Amino acid sequence: MWGAMGAACTQLQRLTECLQDPEKVARFQQACGVQSSATHEERDTQEAAGDGPRLRVSRHQNGLQENGAAGCPGDKKKKMQPLRRNSLTGEEGQHFIIRNRLLYYLFTLGTELGNELFYISFFPFWIWNVDAHVGRRVIVIWVWVMYLGQCTKDLIRWPRPPSPPVLKLEVFYNSEYGMPSTHAMSGTAIPLALLLLTWGRWQFPFVLGLLLAMVWCSLVCLSRVYMGMHSILDVVAGVLYAILILIVFHPALDIIDNFNLTYKYAPFIIISLHLALGIFSFTLDTWSTSRGDTAEILGSGAGIACGSHVSYMLGLLKEPSPDTLPFTIPPFTVTLLGKAMLRVLIGLVVLLLIRAVMKMITIPMACKVFGIPCDDVRKARQRMEVELPYRYLTYGTVGFAVMFIVPYLFTWVGLH
């Protein structure tokens, strides 16, 4: 028996090492048309010197520019750099060449499905135009998935795939650890949660919903390998971890949502819990962008929950009677689409204004309260005393606006 267990452990270790191999990430990038910007002459020089196929990567000097020296004659290619530079770390990334533009734009879309721009657009759109009941519950899942994923990264502390051989097409999250992929976690949890929570509440073909969820998840997961930000093991672990969290929290969503809406002291408990979780996450490791992202996620979740409570207490949240379920998807008329676009336009302008104002207020305020020099904002924001209140208060206010301020504005102007 012990021999069988030892053999199984050995096979598992080999599988883990295989899935974590950065060469597999590099080969996937090459198969998708991603190449180093090193010229053929540089490649020949390196190979002659015995360096093998690992190419020297050039640092970022300019933006997007033509490259006529690299690659085969006649190929129409661009020397490119990562699109999103991290202003806090100052990392600018490396040049690379894209031979397959379609895959590049497709996987860029996939990776954006796990970034702030998507969250601040998609969640409000769903709440304002589709179903706030489902939206609140999906955000609960998203908060726990992202929080546990970020904390797990700082506990395991596995690095991202090294470069070389991997080409980093994105550098924004390069200062974070890699295991598990939180992009893969959110890209798994959000579509699956939407499918589970809308099935039976809305009339639609389940197979179609499952297919869309699988496409969403696959696009996000493959994009992280394509971008050179995660190993295959990071992505697989992220998918399985998200499914586990979804299994645990899905049965409790009704209880959590009912507590957030109806319990008298819910806002106090919500704010205290999310703040305590944020403080705990800031003590796990040295500074990285994951700490600010964690505070941002917790602040958003607290703001959404508190805004839901206030809206419910003021009678702005009206749940349909059970006999009206399931809902049918309404026809897409010009009036329906026009109102939806108007809600999104007005609402996002309000949210972006609130975020900008809160950022202008909270960073200097935190620096003044804790006696931290504010002349270098980059360094100041790497301190917990600044990063935590700035992210928590700013995105907590944004979340509160999503559930209360903006819907109240819609009621006032006749767009509710």
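Any Cβ shown, glycine's included, is placed from N, Cα and C.
Quick caveat, the model's predicted, so the values are computed rather than measured.
Over in TrEMBL, the protein carries these features:
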TRANSMEM  102-127  transmembrane segment
DOMAIN    136-250  domain 'Phosphatidic acid phosphatase type 2/haloperoxidase'
TRANSMEM  206-225  transmembrane segment
TRANSMEM  232-253  transmembrane segment
TRANSMEM  265-285  transmembrane segment
TRANSMEM  297-317  transmembrane segment
TRANSMEM  337-358  transmembrane segment
TRANSMEM  392-415  transmembrane segment
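Using a Cβ-Cβ cut-off under 8 Å and counting only residues 6 or more beyond its ends in the same chain, the transmembrane segment (102-127) has close neighbours at 32-34, 83, 134-136, 138-139, 142, 170, 182-183, 186-187, 216, 219-220, 222-224, 226-227, 229, 296, 300, 340, 344, 347-348, 351, 398, 402-403, 406. Here the domain 'Phosphatidic acid phosphatase type 2/haloperoxidase' (136-250) has a mean pLDDT of 90 out of 100. Residue counts for the domain 'Phosphatidic acid phosphatase type 2/haloperoxidase' (136-250) by DSSP state, with H, G and I taken as helix and E and B as strand, are 78 helix, 3 strand, 34 coil.
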